[in-house]
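Student: The structure follows.
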Amino acid sequence: MGTDISDIVVSHQTSLKDQANQVFAIDTYNILYQLLSNVRQYDGTPLMDSSGNVTSHLYGIFYRTVNLVENGIKPIFVFDGKPSPLKNRTLEIRQLAKEKAKAELEEAISRGEENLKQYYSRINYITPQIVNDTKELLTYMGIPYVDAPSEGEAQASYMTRKDADGVISQDYDCLLFGAKKILRNFAIYGRRKVPRKNVYRTVYPEYVMLDEVLKKNGINQDQLIEIGILVGTDFNEGIKGIGAKKALALIKKEGNIKAVLNKIGKNIENLDEIIDFFKNPPVVDVKYVFGKPDPKKIEEFLCVVHDFSRDRILEHINTYVKYYNKSVQFRLDSF
């Protein structure tokens with residue numbers, strides 16, 4: 001979900017080729033939820049193998065990783081760890097929304113509706129099996145992954161202050177965590193339908209630079225965090241009626257979030273803890289190593305274990321190995 005500060009960010013249209021020869025830390029759960037929502041069969045049910053295992057995520061991770069490497073990008077996947085207790089309320093709200101969607105799905109089925117995608121797409125769970133399958137596929141593809149101690153986007157953002165060039169994520173929360181660069185829309189560009197509306201718009205890959213956002217708005221990192229909190233984050237609901245532009249104006253006028261809250265007579269529970277979490281989240285220093293792809297293992301895992309089309313997979317495996325060899329050169333260098 002993240003924080004909606006889009007009205008005050010500076011974004012630049014780009015292409016994957018323009019980002020070549022860079023290392024990107026990927027907010028993996030952000031990507032997995034996209035895949036589980038969007039990669040579905042015509043009736044809305046997720047892709048599954050003959051054993052009934054969901055494979056939507058494997059389809060998406062494989063093809064998106066091929067696309068990244070083909071364009072010269074070195075990806076490192078970052079997985080979420082244990083969520084902060086500050087996130088409990090948000091997780092409860094999401095669970096209630098899923099239960100409501102389940103009830104609506106059952107009603108739609110009983111009415112005989114055929115297109116159930118809008119219901120299924122709102123009921124997504126990242127299970128331990130989905131996580132383990134994703135890691136297994138990445139291992140066969142020679143792609144490193146990192147287990148974050150807590151929030152994946154916090155770990156990925158921290159990595160941009162070390163060795164990574166940026167974060168791949170749709171969430172602007174990464175800016176609050178200090179990511180120096182975000183790459184958005186890398187896999188959803190093109191003509192896309194606006195959710196719940198019969199309207200289409202063209203989406204392009206874009207990048208956002210943290211320093212540019214701060215400079216444009218005349219604020220520092222602490223103030224950006226406080227703007228995000230006023231708008232709402234995964235750790236708080238925000239103040240009703242305050243969007244990014246209004247939050248920016250209030251912070252610049254009053255100086256800090258506590259002065260703003262005092263001025264408008266509002267309160268944000270656990271404010272100090274939320275601010276501290278954005279500034280000092282649990283992260284780890286890691287050494288990531290790019291391995292050598294194992295085409296046979298990739299083929300066996302996708303085509304034998306999970307029933308993917310062999311002809312199509314083999315074609316893309318060959319493409320992947322070709323470009324991986326060129327961009328990563330099978331070196332066991334750490335970044």
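Cβ atoms here come from the backbone N, Cα and C positions, even for glycine.
I grabbed these lines from Swiss-Prot:
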type: REGION; residues: 1-98; note: region 'N-domain'
type: BINDING; residues: Asp27, Asp80, Glu151, Glu153; note: Mg(2+) 1 binding site
type: REGION; residues: 115-255; note: region 'I-domain'
type: BINDING; residues: Asp171, Asp173, Asp234; note: Mg(2+) 2 binding site
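Provide an account of the burial state, proximal residues and distances for the features listed.
Tutor: Every protein chain considered, the tally of other Cβ atoms within 10 Å of the Cβ of Asp27 (Mg(2+) 1 binding site) stands at 31.
For the recorded site, Asp173 (Mg(2+) 2 binding site), the DSSP three-state label reads helix.
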Student: Can you check which residue among the binding-site residues Glu153, Asp234 has the largest number of Cβ atoms within 10 Å of its own?
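Tutor: Counting Cβ neighbours within 10 Å, the top one is Glu153.
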Student: Please count the residues of the region 'N-domain' (1-98) that DSSP assigns to helix (H, G, I), strand (E, B) and coil.
Tutor: 46 helix, 18 strand, 34 coil
Student: How many Å separate the Cα atoms of Asp234 (Mg(2+) 2 binding site) and Glu151 (Mg(2+) 1 binding site)?
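Tutor: Asp234 (Mg(2+) 2 binding site) to Glu151 (Mg(2+) 1 binding site), Cα-Cα distance: 11 Å.
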Student: Let me know how many other Cβ atoms fall within 10 Å of the Cβ of Asp171 (Mg(2+) 2 binding site).
Tutor: 22
Student: Could you tell me how many residues in the region 'I-domain' (115-255) are helical, how many are strand and how many are coil under DSSP?
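Tutor: So the counts come to 60 helix, 24 strand, 57 coil.
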Student: Please average pLDDT over the region 'I-domain' (115-255) for the predicted structure.
Tutor: 89
